[in-house]
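**Q** Structure in structure tokens, see below.
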Amino acid sequence: MSRGSIMLAAGGTGGHLFPAQALGEELARRGYEVDLITDTRGTVFGAEFPARKVYKVAAATFKGHSPIEATKTLGVLGHGFQASYRIMGEAQPRAIIGFGGYPTLAPVLAAMGRGIPSAIHEQNSVMGQANRFLAPMVKAIACSFENTKYLEGRMQQKARVTGSPLRQSVLALKAIPYRPPSSQAQLNLLIVGGSQGARYLSDILPQALQLLPDQMRDRLFVMQQCREEDIDRVFDTYEGCGIAAELATFFEDLPSKMSNSHLIVARSGATTVAELCALGRPAIMVPLPHAKDNDQLENATRMETAGAGWCFPQATLTPENLAATVRRLFEDPTALVRAATGAHALANYRAVENLADMLEELAEKHEFAADAAATA
């Protein structure tokens, strides 16, 4: 018998949708109906999402300082609020949780307007702008990290450190040990720039990898997520220098590819970092340079400090030093093993249960107990 519905609000990138998907899977196991409210981009994930219904609402992001653009954005958000208010009346969720990004603003505000208990989850070590706006108003705040930046004052009194939820497709692979490349065996290199790809990685990686010695290029197998318009030129570069490659705009089996990789080159969004830790795989992290509040740099720096990978700010990266790093790591498997072990040590496998517990408390009691770790 259904225990009622819970609404998940998440913007249309994997970094927001995948934690929401993980929570949806857990809530469904506990007997709740799950609904998703997202923007246009998020609907492409609908087939994988454990939702009774996927609602789409208009969303926009504030960019630059133009009053005209700000007015347009406010107009879009206003339409999103009106649509969200109607949806909340139709779905009548027992609680709602937003996973950050501007597409969550209207749904969470509309839910509060309907008197629905509300929460937010912050995946990064730096609270994003949308969550900072909502934090003073929601009843509960879930954090992935202790001492989350911008979680201050009274907001700490309703915060709990849950960790970043992981999908079952990731958790199913957590026990597979890392095996470094053996002498003369194939070298599996995975390159991911988030669910939307990363043009910068599609530019610099082919330049770097063609600088590797012939014998290393002959052993290399590259799996790379690219934007559609970049696939042909990236493939041609790899083919021209004798590197075997599998390219796609999005890997449906990304957790499996991560598990089978000897080394990963990736952006350092919170979901990517959480999955690297859960699987215990070594990574070269290239933080998104124009990420608001430098949250990706914070994530990558934490990983590097813990010996769980290597952080290369984009401004310092060149094809030459990237090629030198890849070569050094493939020639020193012990360094790869140390990073894999360091990543595994940071994993939080109970994050999805922690978050579901918090939301269940909120839905059942309309309140919950804060976590002392979040207020330290």
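Glycine too: its Cβ is placed from the backbone N, Cα and C atoms.
Residues annotated as domain 'Glycosyltransferase family 28 N-terminal' in TrEMBL: 6-142. Annotated UDP-N-acetyl-alpha-D-glucosamine binding site per TrEMBL: THR13, GLY14, GLY15, ASN124, ARG167, SER195, GLN296, in sequence order. What TrEMBL records for 189-350 is domain 'Glycosyl transferase family 28 C-terminal'.
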**Q** Among the binding-site residues THR13, GLN296, which residue has its Cβ surrounded by the fewest other Cβ atoms within 10 Å?
**A** THR13
**Q** Determine the minimum-neighbour residue: among GLY14, GLY15, listed as binding-site residues, which Cβ has the fewest other Cβ atoms within 10 angstroms?
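**A** Looking at the binding-site residues GLY14, GLY15, the Cβ with the fewest others within 10 Å is that of GLY14.
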**Q** Check each residue in the chain of ARG167 (UDP-N-acetyl-alpha-D-glucosamine binding site) that is at least six apart in sequence and keep those whose C-beta is under 8 Å from its C-beta; list them in sequence order.
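**A** In sequence order, the residues whose Cβ lies under 8 Å from that of ARG167 (UDP-N-acetyl-alpha-D-glucosamine binding site) (at least 6 apart) are PHE18, GLN21, ALA22, GLU25, PRO255.
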**Q** Using DSSP, what's the helix, strand and coil tally for the domain 'Glycosyltransferase family 28 N-terminal' (6-142)?
**A** 68 helix, 27 strand, 42 coil
**Q** Give the number of CB atoms, excluding that of ASN124 (UDP-N-acetyl-alpha-D-glucosamine binding site) itself, located within 10 Å of its CB.
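**A** Around ASN124 (UDP-N-acetyl-alpha-D-glucosamine binding site), other Cβ atoms within 10 Å: 28.
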